[in-house]
């Protein structure tokens with residue numbers, strides 16, 4: 001029994017080990033199931049179906065970025081062609097190397113985008129993709145994902161972003177070379193064969209062109225011979241001899257010759273018509289202005305090209321006993337001559353090349369569409385001309401006799417539908433032509449740089465306030481002279497290009513004018529647009545950002561205008577040009593050098609904000625300046641993004657006749673600015689309608705673009721030459737928070753710190769004149785005038801009596 005029990009225990013049942021074929025079959029089934037499951041998951045990721053599909057796609061994007069589709073396709077191919085790919089080592093290696101090159105290229109492109117502020121590569125890449133992953137969205141470009149970031153980071157550190165581009169291209173070329181399994185010799189032979197084929201094709205085309213040219217010459221020569229033969233035969237057939245004199249009758253022969261001419265040379269034959277298409281890049285351009293700096297002396301008007309910077313300073317030694325002349329209230333303060341260089345155009349970034357060649361094909365297509373659309377409405381028109389501008393293309397059409405103009409203008413929406421355009425503006429008619437203009441937006445807007453516009457502008461450099469504004473549809477630069485406007489209203493919605501246009505106008509004036517020729521008063525309630533110009537020598541006072549101070553600052557300008565008119569009256573001139581001419585004549589005949597009055601440009605960047613704080617005072621100041629400031633050399637530029645009637649009132653419009661309208665939201669706003677519709681159809685980004693004082697219809701222009709870097713460069717150039725010299729007479733002073741501007745704007749401070757000194761000087765000399773106060777106290781003309789007014793208000797001196805000197809009403813006391 002024991003033996004049997006032991007035997008039973010040792011004789012256990014053995015398990016059969018699976019065969020090799022069974023193991024391989026099980027692995028094949030596992031691979032098939034895995035491939036099927038992964039295929040389903042990747043399919044949801046490809047079509048991004050639901051939250052699951054988007055999550056799958058974002059997980060793959062986290063790894064390989066925008067190469068997610070390539071990764072999915074490669075994974076599926078590997079799953080189903082595993083055995084075949086094991087035998088293709090060079091193909092797999094080439095694909096992996098090319099994929100690494102693509103990852104580097106995509107990531108280099110990602111970090112060349114200006115919107116990517118954070119340059120920490122791994123952190124920035126993770127933040128971009130994780131934000132989409134958490135929100136179940138696919139919104140941003142992911143570059144090469146985290147794998148691309150890991151590869152790109154050391155390459156960019158060692159070789160920069162451009163070097164990463166080059167290395168990525170090398171990886172792609174190497175990968176394709178390995179995938180193709182070609183030898184170097186095969187590639188060289190292919191390149192040589194391709195080069196020979198191109199050379200043969202070029203030689204064949206050259207021979208064909210030569211043969212065609214010779215054939216045309218032969219045909220033209222044959223036609224000339226036949227035409228000459230026909231003329232001779234007609235002449236011989238028409239010869240008529242006078243029986244009495246035996247002379248040939250020439251007149252009759254010429255008449256018969258005209259009748260015998262073949263129809264192809266008849267003068268009345270009608271040529272085949274084809275509309276003329278003028279491209280923006282081929283439009284006429286003026287020669288660029290020279291960029292060599294011109295050096296000026298502050299006390300002279302004429303340029304001195306060869307001034308040495310180490311010249312001796314010129315200081316005028318004036319005699320206190322100089323008699324007052326007709327030019328009495330002028331600045332005789334000795335001044336140190338400043339060498340000042342005007343900025344040059346090379347401070348601005350060069351413009352990028354523009355290519356609108358593809359617009360020509362679109363224009364030819366639109367010409368046919370326009371004619372067919374008008375024909376479908378029963379209107380017979382012919383497109384005479386098409387001009388491709390920077391932002392729009394203008395089609396000039398000529399309607400048939402009897403077609404009413406309003407029938408064409410009423411079809412703007414139908415034309416926009418037929419042309420698939422954003423909007424269509426119809427100009428009926430074009431000023432000076434018997435044609436109608438149809439303006440259609442281009443597929444791409446060509447940016448007009450400030451440097452390009454300046455170089456092509458024909459503005460007179462002697463006119464300090466003549467500045468280039470933009471380019472018309474025909475590509476010609478358009479300038480305007482602010483002195484003739486004489487004030488300018490700039491209005492449009494947010495982001496339409498107002499501030500860029502104002503910066504362009506300011507920069508243009510700074511390019512031409514010295515600090516003693518033009519002065520600015522800038523009012524910027526937004527505090528960010530004009531603050532860059534602080535501390536330039538052209539400013540009268542720092543940029544005003546407080547709306548309550550702005551109304552007082554405008555009142556100071558009004559006071560300056562009145563003072564200038566009083567000065568003109570004493571001198572006997574009508575405007576600032578006449579006064580400065582008198583100054584030049586005085587300087588030529590006298591050792592005392594007098595400074596001419598500068599032009600003043602008042603710039604308000606946001607009028608609506610001022611009208612909300614002190615509408616009555618601001619409106620009164622603007623109206624007074626608009627009515628009288630032109631002759632005094634004071635000009636205004638008013639900008640607003642809210643062109644409503646409560647901001648641009650009727651009185652302001654009546655006194656600011658020149659307007660610029662940028663894109664607005666409605667025809668009502670357009671009528672508020674221009675008194676007509678049109679601005680609601682503009683495209684934005686500098687597209688404007690310019691209506692100067694001397695034109696009845698607005699002109700469409702593409703304004704120039706000037707970047708913040710360009711503005712900072714020109715401002716830095718000016719600041720390096722001279723410091724700001726602010727005029728206290730224009731300082732609006734301090735305002736309290738409760739001051740609502742009801743006082744009509746700031747007046748003269750109660751007492752000048754030099755009042756007592758000026759009073760003692762007048763009582764001591766028993767003479768009172770602004771020129772004497774200027775000489776003795778070393779102050780400017782404006783401050784001396786204020787001191788004279790305070791002395792008059794205090795009863796020290798009498799009122800002005802024309803050209804007679806003022807009477808001193810007080811006598812000095814022993815204590816004085």
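Indices start at 1 and increase along the chain as displayed.
Here the Cβ of each residue, glycine as well, is placed from N, Cα and C on the backbone.
Listed ranges 12-34, 35-57; the one Swiss-Prot annotates as transmembrane segment is 35-57. Residue ranges 699-725, 726-752, 753-779 are listed, and Swiss-Prot annotates 726-752 among them as region 'Disordered'.
Ranked by how many other Cβ atoms sit within 10 Å of their Cβ, the binding-site residues 496, 499 place 499 at the bottom. Residue 495 (ATP binding site) counts 12 other C-beta atoms within 10 Å of its own C-beta, drawing on all protein chains shown.
Among the listed stretches 35-57, 62-84, 128-150, 157-179, the one sharing the most Cβ pairs under 8 Å with the transmembrane segment (91-113) is 157-179. For the transmembrane segment (62-84), the list of distant contacts is 31, 34-35, 38-39, 42, 45-46, 95, 99, 102-103, 106-107, 110, 125, 129-130, 133, 141-148: same-chain residues at least six beyond its ends, Cβ to Cβ under 8 Å. Other than the site residues 495, 496, 497, 498, 499, 500, same-chain residues with C-beta atoms no more than 8 angstroms from the centre of those residues' C-beta atoms, the ATP site, are 492, 494, 501, 662, 686. Just so you know, the Cβ of residue 500 (ATP binding site) picks up 21 other Cβ atoms within 10 Å once every protein chain is counted.
Under the DSSP three-state reduction, residue 497 (ATP binding site) is assigned to coil, being neither helix nor strand.
With a cut-off of 8 Å between Cβ atoms, the residues of this chain six or more beyond the transmembrane segment (35-57) that come close are 68-69, 72, 75-76, 79-80, 133, 136-138. Shown in sequence order, 662, 663, 684, 685, 686, 687, 688, 703 are the residues of the chain, 6+ apart in sequence, with a C-beta less than 8 angstroms from the C-beta of residue 497 (ATP binding site).
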